[in-house]
Structure formats: structure tokens, C-alpha cells
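Structure first, commentary second.
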Amino acid sequence: MSLQMVSTVSNSSLLQPGFSLLNFDGHVFLFGQKGWPKRSCPTGVFLLDIKQNELKMKPVFFSKDSCYLPPLRYPALCTLRSDARADEYQYIIHGGKTPNNDLSDKIYFISLVSKTSKKITFQCIEKDLGGDVPEARYGHTINVVHSRGKSMSVLFGGRSYTPLAQRTTETWNSVVDCLPSVFLIDFEFGCCTSYMLPELQDGLSFHVSIAREDTIYILGGHSLQNNTRPPSLYKLKIDLPLGSPAVTCTILPGGISVSSAIVTQISDNEFVLVGGYLSDNQKRLACNTILLEDTKIEIVESVGPEWTPDIKHCRMWFGCDMGKGSVLLGIPGANKQIIPDANYFYILRCKGAEEDKEEELITQTCSQTSSEDPGDSTPFEDSEEFYFSAEANSFDADGADTYNEDDEEDESETGYWITCCAGCNIDINTWVPFYSTELNKPAMILCSSGAGHWVHAQCMDLSETMLLHLSEANVKYFCNKHIDLNKGLQTPQKVMCLKKPPMKPLRKKKTMKLSTSAKKSFLRRLFE
């Protein structure tokens, strides 16, 4: 194994824990950027361009018939082929978190429409499901199995927020393990069926899953309820006859106590397991080789790379499988870099250059996010989770414009999780509802100073009565910082002048014109 550092150019802050990698035609694409998409790349999907150990991002486009795809972190992701050896495929994306920490329960299909030297276009379609639809979650896996000429997707594990009816002020943002149900999803007919198997007692999350033909192996994972990482190894076998599917589970020996490990495939039946966590605050630096045969799985320890001191001593790490035996690893830059969100990145190559062949990956591999989530009892925070998808490789591409993060607005000034003032005490990891009207986001109000900016109502010491009044009334509000400036600019309200009715012009008296004979008759009567 070899480890090589990668230099990033101005946009490394977009690569944060929770991102996924997609591989189309040998090109790697980033999905799940930090924050909401911005004007330079409204799709939030980027081509990763790595040349001479320098990493750049180039935005891609969506077709006009595509649906909106939010930047989901920690989703379940895998490829879908018409059969096990088909050349064309698309990616399935399920669940995950939005930048506002809302959980998604939707399923998306993303496929490559066209690729030129200057423009890459994807199509994204949302799939409607019926039956036992899986609840919104993250930290789970989804795989595709093939049996008797048919295909189905299998979804397992993950975490979700505590149901609303069970929440209290203290546990408002808490997460719980999902039930250990196995979901079979038939995308041809759009229906889901759930199975409760007696062998699966815990709702594991951040586990590794490897699919081969009609079998899925589930390795490791973390049980939030018991706060343990059991050395579990399960074998799920899916039989798809003409009638109802048959799902069986077998508990196998030789499992590994690890969560959030990365799996990369180096041959048809050989994989390498890298990274992960042994406990809440201990990384797993060992590596393992996983060998799959027709009826069994073998896991043996292998020689790992020579980890750098930065990797050895860092508190957390994250990354993704780049396919063909390569892994992208990231560690926090801490105070060593000017940009506080910037990270250091490495490429780990698990096989020699002479073995790096352009073979097709038959096995569907899907591994998972690391460590724990805000609201968990563990010391790790949201920013310390990983997401690892499968199937990607190094590449070379020219043409598209490079994404320039410097052209964008400061993300810290948008969204609910901002620092609205010097004394702002809203923390994404510790926030609990302050007002009775809040659900899973802190209440905000717009200050009308200048172009306007958002502030947290709690940081502005607003009572709930005043907050409701300002929300309902059509009045301007000024935050604590700008209220004094506003007072100096206030002017008295204009007094409406009373309208006086216009004076009517005097009427001229009408004079009668008399004929000569009439005048004579009038004079005659006057003197008689």
C-alpha cells in the first residue's frame, strides 16, 4: 500500500465528512457538498479533477427533465444495473441529511446523459414507492442483489430522529437506531416489503455491506442503544422465485468490531477494509483483506501503509472509496491552515500499479458513514462523521470550468446554523428548542438594516410573545446591533392634509334679449 498527499485548490472546504463519490465512465464525481448549492454550481455535483497531485472541482449540469436533488450527507448509495454484468448503470441514492439537518426518506436515480470536453450532464429522477416504505434515515446501506434473472434492492440499518410524540425538551434532537428491519425494494413495480429476522437484534448503523450476486455480507457497525461496536458478521441470502421473495440470515464467525470503515475493491473477489473506529475516540489504523467465494467469506489482516504522524495523531478522519483499489482520505487541518474549514487529503493505493487494470466491478459494494451524530452520547460531532461509497477511480479530464469558491458568498451568513452576533450561542450540536413553536430549527428573524440579515430570535433576547407579534405584524425589526442606528434615522410619520372642497364659481345672471317690437310693447305698458 502507498499513501500520497494531495494538494487542494481554494475549494477544499466543500469536501467535508458526509460526502459521496459517484463513478461514471472512469470519472469521479463529488455529491453531497457542504451546505446548499450555490450559483456557480446549482446542482451541487462536481467532477473531481486530480492532476499532478492537485485536486480541482468542475461543476456539472442536470437535464431539464431532472428533479431537484438536495446535497445529502451520509445517504445510502450503490449502483443499479439491468443485470450483474451490464455495462450501463445508474446510481441509487436514499436518505441522508440536508444542510439543515433534516432527514430525507426519498429515493433518487442519477445517471449520466452526456459528456463532452466542456459540459457533463446528468439526469436525476425521484422514485415513488409504496408498501412498507423505509422511514427517513442516515448511516444505512443499500445494495442490489441478482437472483433467477431478477434484481432487487436491499436496505438495512441506519438512524433516525426520535419520533415527535416521544420527544422532550432534553431529547429533542436525539437520534435512535432504526429497527433492524430488512427492506426489499422492487423498483420495477415501485413497492417495498419489510422483513424482521430473528438473527438481527440490533439496528446497526455505520456498518459495511458487500453484495455479490444474491448474497449480502454485513460487517461491523455501531449500536447506539448499547453504545457498542459488536464484532458482527451477517450473511443475508435473497432468493427471488416467481412468487414471494425468501430472505434468510446467517450469523458468521470472524467479524470485526469496527464502525465507519472504508471498503475498496481490488479484484473480482478481493476487497480491502481500511480505517474506521474501534471506539468513540480511537481510530482503527489496521487494514484487512476480504476474500469472497461462492459460499463463504474470509477476512484476514493485511499490512497497512505507513501512516503519517498527522494521520496517527488526529482525532478524526474521513474519506471515500475511489475504486480500483484507491481511497481518498481526509483529516482536519486544525489551526495549520488559513481557512478554518480546510482539510488535508491523501490518496491511499491498496494495490501496485502493475495490478491496476481497467476491469469492470461485478460486486456491488456499499460502505458507510463513520462515527456518531450530533445528539448522540458519544464525543464525536456531526462534522466528524464519514460517508464512504463504492466504485470510483483516478482519472484525467479536461475542459469544464473549475469551480471557484472565492466567487461565492460566505456560507456562514446563510441558513439556520449561523453566527448571527458576537454573543451568538446557537450551536448545531447542542441546540434545543427555546420557543414552543420551534421544531428542529432555531427561530430566526430578519433585521431590516441595510440589505437585511438574519439573526436568531433567542440571541436577540426576544420573548415568545414579541416573536409572534413581529412574525404576524407587517412591521420592520432591527437587531440589537442596529436598533440604535435605526433610532437616529427615524422620521415622524407624515400627517395627511385635509382636502378642502374647491369653491364653486359665481353664476352669471342670464339676460334676456328682446326684439324691437317687444321693447316697444314693454315701454308702452310702462308709461301708460
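Every residue gets a Cβ built from N, Cα and C, even glycine.
Annotated features, as they stand in TrEMBL:
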DOMAIN    415-492  domain 'Recombination activating protein 2 PHD'
BINDING   Cys420, Cys424, Cys447, His453, His456, Cys459, Cys479, His482  Zn(2+) binding site
Exercise. On a count of neighbouring CB atoms within 10 A, which of the binding-site residues Cys420, Cys424, Cys447, Cys459 is highest?
Worked result: Cys420
For this session: Using Cβ-Cβ distances, find the residues under 8 Å from His482 (Zn(2+) binding site) that belong to the same chain and are at least 6 apart in sequence, listing them in sequence order.
Result: Cys447, Ser449
Problem set entry | Beyond the site residues Cys420, Cys424, Cys447, His453, His456, Cys459, Cys479, His482: chain residues whose C-beta lies within 8 Å of the centroid, for Zn(2+) | Cys421, Ile445, Trp454, Val455, Met460, Asn480, Lys481
Seminar exercise, completed: When pLDDT is averaged across the domain 'Recombination activating protein 2 PHD' (415-492), the result is 77
Exercise. How many neighbouring Cβ atoms, not counting its own, are there within 10 Å of the Cβ of His453 (Zn(2+) binding site)?
Worked result: 16
For this session: Report the same-chain neighbours of Cys479 (Zn(2+) binding site): residues 6+ apart in sequence with Cβ closer than 8 Å to its Cβ, ordered by sequence.
Result: Cys420, Cys421, Cys447, Ser449, His453, Val455, Met460
Exercise. Which residues does His456 (Zn(2+) binding site) neighbour through Cβ under 8 Å, counting only same-chain ones at least six apart?
Worked result: Ile418, Cys420, Cys424, Ile426, Pro442, Ala443, Met444
